[in-house]
Amino acid sequence: MTTTIYILNGPNLNLLGQRQPEIYGHETLADVERRCAEVAAEKGFSVRLFQSNHEGTIIDQIHEARQAACGIVINPAAYTHTSVAILDALHAFEGPVIECHISNVHKRESFRHHSYVSLRADGVLAGFGIEGYELAVRRICSLCAGG
C-alpha cells in the first residue's frame, strides 16, 4: 500500500495569502504544504501537493493518483461548482477523497452552495481556514490505515 496523500488545489489557490486575505487568510500554499506534511509524517504518511489553474491538469493528477496515492484531499476552488469532469475522474479513484474549502462556501454567494465533488467525497470540510487541510489529512490517514 502506498502511503502518499495527494493534495490537489484548483484555480487561484496559487495566490493564497495575497488574494482576498479577508476571506482566505494570510498563509500561503507553501504553508499549507508544510503543515500537511507535518501532520502526515506523524502518522507515517507523506503528501504531494499540486496546484493548477487548469481543469485538465487537475484531472491528470487525479488519474496519476490512481496508481500513486492512497487518498486525495481536494480543494477544487471554483471548479467545485462547475466540473463534472473532475467528478468523473474522482469516481475512477478507489481511495478516500476529502473535499476541503478554506472559506465557508455556504455563507457566500448562492452559486457556491452546490458542489459536484461532494457527490464523490467521503467527507467535506469548509470554513476552517487552512486548518481544514490538516483535519482532512488526519482523516485520510485514518481511512488509508483502515480506520
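A Cβ is built for glycine as well, from the same backbone N, Cα and C atoms used for every other residue.
Here's what Swiss-Prot has on this protein:
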type	residues	note
SITE	R19	site 'Transition state stabilizer'
ACT_SITE	Y24	active site, proton acceptor
BINDING	N75, H81, D88, I102, S103, R112	substrate binding site
ACT_SITE	H101	active site, proton donor
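Using CA atoms as reference points, the recorded positions R19, Y24, H101 were checked against H81 (substrate binding site), and the closest is H101. Under the DSSP three-state reduction, I102 (substrate binding site) is assigned to coil, being neither helix nor strand.
Within its own chain, R19 (site 'Transition state stabilizer') has N12 as residues 6 or more apart in sequence whose C-beta sits under 8 angstroms from its own. Neighbour count (other Cβ atoms within 10 Å of the Cβ, all protein chains): 16 for H81 (substrate binding site).
In this structure, D88 (substrate binding site) is part of a helix by DSSP.
I102 (substrate binding site) sits 6 Å from the residue listed as 'active site, proton acceptor', taking the Cα positions as reference. Here H101 (active site, proton donor) is positioned 10 angstrom away from Y24 (active site, proton acceptor), judged by their C-alpha atoms.
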